[in-house]
């Protein structure tokens, strides 16, 4: 294969080759984990010795950027230059085209450059290479570039009344400097695995100012008042997340090989295994693939927390929250009772990005457009597109079920419990069925799996979506706005409740 002829100097440092051979893991994965562990130690140093009270934002930006590029060079060699090229191209577009259309150009150019790199990596170098690669960080950088461009457009081009409450919080009122731009995209805390954060939150962290709150983050104001002058330590939270990382890694290494996903398409397995056993095995095989994502994302979150980034106010009991940029909620994923609940708690920052860049701004068929954008962003493997196209019909069916069936089960706690158990099982099977192509990558094996299930979930979801229709989102929003205009003017005492109600309606609509 082409990758066999590429020297180690081109693909990253070979210093850890002996360790790679001992533990029988690819060198790029070993480099990635070692860099992340070193970034964790560096993050503690960054918080203690380059605290905003001890140094200037300029120094913090410079150090964070240089360390980030060093880690990228160590992991990916000179392929890391793509990070600078992608960021440099889009910064030039932002400066030259102006704020009116820059968000569109940045979306097309950054996504196009990412797609070009993904296609060449897959079809020129090694189709089967599915490990740490340089396009992974580029996916996060693409999120940051496009989010920033849309937020600058909102803050410098659109009128205040045209923005949603969340867009007002995220809107950027001035063009970032070149150093701020590269620091945001390539800092050492997020260069390898993210997570994506809003530009305003990142700048607030670098400058040591109180971070802006997202509209959906409910912070206890009394608790904030008691602790607003303190600088909470993230040490306990970091230790807790590292324990989660260790447990996730052990589960993945010990159990993943026991339930290989490829067995789902084995001829002997399909021919000799009862269908109910195939369903159980599908669930177990997909369940054991998730801990590796838990490990990577939780470690990335811990690195940012160790540097002091991710603080999100205080809980009602006064304990600090460190979930501002968290990427997953494991228990909510494993016990999700709806397709939407699963997606809302899996790769959270990517879901926020898709919602802010596509779903909220697409006037027609936002669900389909969002899934297509997600597929394009993920890469060039056909399995990704099969997964996200399947996800469209599953989402529509799940939404129709929730709108039409769920109200009948809310009359008593026992009925609600029965509904939750049934929907949990249905959600888990639907998720596993949907993401099998995402793991198998190719069309042939993916279609073989779906044929072995007689496309049953596809057919069932289409029938449900047709039989239990739900009004399009833009029509539901129009009806809600009409209802609000028809209501009598509320007294000043009711203004808070009115605002909360409006916010809740928008949340439900999305």
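Keep in mind that glycine also has a Cβ here, set from the backbone N, Cα and C atoms.
Feature annotation (TrEMBL): of 358-378, 421-441, the stretch labelled transmembrane segment is 421-441. Sequence-distant residue pairs (6 or more apart) of the transmembrane segment (383-401) and the transmembrane segment (421-441) include at least 3 whose Cβ atoms are under 8 Å, placing the two stretches in contact. Sequence-remote contacts of a segment are chain residues at least 6 beyond its ends whose Cβ falls under 8 Å from one of its Cβ atoms, and for the transmembrane segment (30-50) they are 12-13, 16, 19-20, 23, 59-60, 63-64, 67, 71, 74-75, 132, 188-189, 192-193, 234, 238, 299-300, 302-304, 306-308. Sequence-distant contacts of the transmembrane segment (421-441), counting only residues of its own chain at least 6 positions beyond either end whose CB sits under 8 Å from a CB of the stretch, comprise 128, 130, 261-262, 264-265, 279, 282-283, 285-287, 289, 335-339, 341-342, 381-384, 386-387, 390-391, 394, 398, 401, 449-450, 453, 457, 461.
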